[in-house]
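> Got these off TrEMBL a minute ago, pasting:
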type     : residues : note
COMPBIAS : 1-11     : compositional bias 'Basic and acidic residues'
COMPBIAS : 110-126  : compositional bias 'Pro residues'
COMPBIAS : 168-177  : compositional bias 'Polar residues'
COMPBIAS : 196-205  : compositional bias 'Gly residues'
DOMAIN   : 37-100   : domain 'DNA/RNA-binding protein Alba-like'
REGION   : 1-26     : region 'Disordered'
REGION   : 108-128  : region 'Disordered'
REGION   : 146-205  : region 'Disordered'
């Protein structure tokens, strides 16, 4: 493929493993009206995605949000969902993993200077450059976060995370002080213990 360059990538028609082509985002067909769909791409900024998602979920009218990504964007999809769950407690989650068919169109590069005395003939004027199409199946991940309760019997369901208790944050400073006190007492004991030279000098005095 060194003599070709990728021109575009397009989603294959529905029915060949592509992620839904209807109005509903991804595999979730029974979403509440006004659900937000966040399409995560490989070059997307997590900061920008979370800023829009947090502002949308702060509105009472928005009851659900869907993060979806395929290929190399699946890692960012999971990261966005986990951060939003920490920012807003009480979200029910459903995760769906599928495969989506993507067709890549590659076009041949123009012929460069050939070292041989007989270069390859250039295409005639008006003749389209040679191209090829590659069909790839890539993993596609969709994560639904909902304020309303969902059916816990469906595959991929996760209940809301419990709120962290206040004792978890308060024990950290206490543990540091408790760890520091024995060290300080041990240092004081070492300083009060006379060395070999000091003990001998005291006896001669």
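Backbone N, Cα and C atoms are what each Cβ position is placed from, and that goes for glycine too.
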> Average the pLDDT scores across the domain 'DNA/RNA-binding protein Alba-like' (37-100) and report the rounded value.
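Mean model confidence (pLDDT) across the domain 'DNA/RNA-binding protein Alba-like' (37-100) is 93.
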> Summarise the domain 'DNA/RNA-binding protein Alba-like' (37-100) as counts of helix, strand and coil residues per DSSP.
29 helix, 19 strand, 16 coil
